[in-house]
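Colleague: Pulled the feature table from TrEMBL, pasting it below:
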{"type": "TRANSMEM", "residues": "6-39", "note": "transmembrane segment"}
{"type": "TRANSMEM", "residues": "51-71", "note": "transmembrane segment"}
{"type": "TRANSMEM", "residues": "77-95", "note": "transmembrane segment"}
{"type": "TRANSMEM", "residues": "104-123", "note": "transmembrane segment"}
{"type": "TRANSMEM", "residues": "143-164", "note": "transmembrane segment"}
{"type": "TRANSMEM", "residues": "185-206", "note": "transmembrane segment"}
{"type": "TRANSMEM", "residues": "253-273", "note": "transmembrane segment"}
Amino acid sequence: MLLKRIITALIGIPVAVYIINYGSWLFTAVISFIAVIAWLEFARMLRQKDVCISKFWGIIAILLFMATAWLGNTLEISFTIWLFLLLLAGILVLYPDRVRIPDIIFTFFGIVYIGASFTYFVLLRFTQESFTLSTAAGALDMGAAYLWVAFVGTWSSDTFAYFCGTCWGKHKLCPVISPGKTYEGFFGGLAGCILVVTALGCFFSFPLVHTFAIGAVVGLVAPLGDLLESALKRYCGVKDSGTLLPGHGGVLDRFDSLLFAVPVVYFYVYFFIL
């Protein structure tokens, strides 16, 4: 298992570095593909509870979200959410004998949870696209730097939480949802996230107050994304969301924390930096 994790990471990290730094249409296409895979994993998990969400409408929603993000139209994202709420409500009203309420509810939840959340990866990547940072590693788009802050902060939170929880964890955080998580691990992850994001912010020459604040909010919300997916898996009775990534599970297993962290970083940048 450990060997599979290492091999997957050795392949995945260089690919991720290239795609994030390159940006352009390639980044949007890859995120769209990842979001669709996550949606199909979500649908597959819910089938274990006899919940049948609409794969078709979910994929259409994801593509619409990504198109609006690519065009830079944030208002249309809210419109798309409202549009699909009306659409699903209409389907429920017109076909009450063929569509069940849990199917509609989980379809809409998934559209927001997966479709809308992945959209902010694209929005954050292309934030301040015309600005370029000069770093020791070369030139980097400002949006790519923001995205790296979100990614590295999330990974740091997870890593520090694991080691602190393993070494000192005694008090359970959410024993029903995730018995292995502890308060010691949570606060260790929070501290580690703040430390690493602050250091990365210094590398990017970001103001210290902003990097400290971003590290704090990422350290707080990233575990929530992890716990939400754990709750979904426990509800569905599955161990992993999928098997696409050897040793790591599925796409949702790898992106669960980022689905909360990336939008939070985007909104912080939007309200406090731009």
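Using the three backbone atoms N, Cα and C, a Cβ is placed for every residue, glycine included.
I'm curious about the neighbourhood of these features; can you describe it?
Modeller: Within the chain, the transmembrane segment (143-164) has long-range Cβ neighbours (under 8 A, six or more residues past its boundaries) at 16, 20-21, 23, 121, 124-129, 133, 181, 184-193, 195-197, 200-201, 204, 206, 211, 214-215, 218-219, 222-223, 226, 257-258, 261-262, 264-266, 269.
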Colleague: In the same chain, who gets a Cβ under 8 Å from the transmembrane segment (185-206) while lying at least 6 residues past its ends?
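Modeller: Residues packing against the transmembrane segment (185-206) from afar: 133, 135-136, 140, 145, 148-149, 152-154, 156-166, 168-169, 173, 212, 214-216, 218-220, 222-223.
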Colleague: Same chain only, please: residues at least 6 beyond the ends of the transmembrane segment (77-95) with a C-beta under 8 Å from a C-beta of the stretch. Say none if there are none.
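Modeller: Long-range Cβ neighbours of the transmembrane segment (77-95): 54, 57, 61, 64-65, 68-69, 101, 104, 107-108, 111-112, 116, 119.
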Colleague: Give residue numbers and ranges for long-range contacts of the transmembrane segment (253-273): same chain, 6 or more residues beyond its ends, CB-CB under 8 A.
Modeller: 34, 38, 113-114, 117-118, 120-121, 123-124, 127, 146-147, 149-151, 153-154, 157-158, 210, 213-214, 217-218, 221-226, 228-229, 240-242, 245
Colleague: Counting only residues 6+ away from its ends, which parts of the chain sit with a Cβ under 8 Å from the transmembrane segment (51-71)?
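Modeller: Those are 25, 28, 31-32, 35-36, 39-40, 42-43, 77, 80, 84, 87-88, 100, 102-103, 106-107, 110-111, 114-116, 118-120, 122-123, 126, in sequence order.
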